[in-house]
Amino acid sequence: MQAKYSSTRDMLDDDDTTISLYSGTSTVTRRAEPRHSENGTPSSVWRPVALTLLTLCLVLLVGLAALGLVFFQFYQLSNIQQDSITEKDEKLGNMSRQLQSLQAQNRKLIETLQQVAVKLCRELYNKSGGHRCSPCPEKWKWYGDKCYQFYKESKNWQSCEYFCLADNATMLKISTQEELDFAMPQSYSEFFYSYWTGLSRNGSGKAWLWTDGTPYSFELFEIIIDPTNLRNRDCMTIFNGKAYSKDCKELRRCACERIAGRVVPGELQ
């Protein structure tokens, strides 16, 4: 075997050799070389992980900051929009109240204008015995808020009722003093013509009712009844300013009435 060292000097020059002087013999020992772990030191392993976590934390913080900024902007925008909506609601409420006030004033002006037109038209109508401003059909008489027609045709009571209905009217009704003052003078005739009214009863002793179902007022006028006549006298006529109970099958003239229309201001000229 070939010796590792050719001389003592060579052995001394070797850093890996140690001489023991205490034992009196030369003992050569080799310094153990440091072993490196295959996986490296712990610090070298955790450093990338820590950097990654730190990066993620920074990204998360930036995201939270951006989200907070967006939320703050949205909150400000929401408050601005809410204030704008509230302001618009207040303006809309004020405009609505103003519109209602203007509509009320407009209705009042229209009513006033209509009252003036009716008054003027009535003066023209009464002065000339008729005028184109009249709210009644041609040949109908205008009194109060109604139109009246006293026909010359003679029919029984039931036929007169149908006759009036066909003309968009009803049989004459006298329920106020004003209507009585107007209707009775129309009944004066030199030829004994009387007019059926809408008052009748369903047999002797029963209540007198108008065609609309309202009761007859005994205080307004008296119905003259002939107790000696055996025939049923359950329908009322007017003749020479008085009311009479007559047989409903007798032939009398028809008196009809209807609600007057509106006076057209343009027809006052």
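Here the Cβ of each residue, glycine as well, is placed from N, Cα and C on the backbone.
According to Swiss-Prot, the disulfide bond annotation covers CYS164-CYS256 (among others). Long-range neighbours of CYS164 (disulfide bond) (same chain, six or more residues apart, CB within less than 8 Å of its CB): THR170, MET171, CYS254, CYS256, GLU257.
Annotation comment: Swiss-Prot describes CYS235-CYS248 (among others) as disulfide bond. Under the DSSP three-state reduction, CYS248 (disulfide bond) is assigned to coil, being neither helix nor strand. Note: CYS248 (disulfide bond) has non-local neighbours ASN156, TRP157, GLN158, SER200, ASN232, ASP234, CYS235, i.e. same-chain residues 6+ apart with C-beta under 8 A of its own C-beta.
Residues annotated as domain 'C-type lectin' in Swiss-Prot, with sequence analysis given as evidence: 143-257.
Among the features that Swiss-Prot reports, N-linked glycosylation site is placed at ASN94 (among others). Listed in sequence order, there are no same-chain residues at least 6 apart in sequence whose CB falls under 8 Å from the CB of ASN94 (N-linked glycosylation site).
According to DSSP, ASN126 (N-linked glycosylation site) sits within a helical segment. Less than 8 angstroms from the CB of ASN126 (N-linked glycosylation site) sits no same-chain residue that is six or more residues away. The N-linked glycosylation site annotation in Swiss-Prot covers ASN126 (among others) and rests on sequence analysis.
Cβ neighbour count for ASN168 (N-linked glycosylation site) (all protein chains, 10 Å cutoff from its Cβ): 10. According to Swiss-Prot, the feature N-linked glycosylation site maps to ASN168 (among others).
If you look up Swiss-Prot, you'll see ASN202 (among others) marked as N-linked glycosylation site, on the strength of sequence analysis. In this structure, ASN202 (N-linked glycosylation site) belongs to neither helix nor strand by DSSP; it is coil.
Residues annotated as topological domain 'Cytoplasmic' in Swiss-Prot: 1-51.
If one looks beyond the transmembrane segment (52-72) by at least 6 residues along the same chain, no residue has a Cβ coming under 8 Å of a Cβ in the stretch. The feature transmembrane segment is assigned by Swiss-Prot to 52-72, with sequence analysis given as support.
Under 8 Å, Cβ to Cβ, and six or more positions away along its own chain, ASN202 (N-linked glycosylation site) finds ASP234. A strand conformation is recorded for CYS235 (disulfide bond) in the three-state DSSP classification. Mean pLDDT across the topological domain 'Cytoplasmic' (1-51) comes to 52 in this model. A sphere of 10 angstroms centred on the C-beta of CYS235 (disulfide bond) encloses 26 other C-beta atoms.
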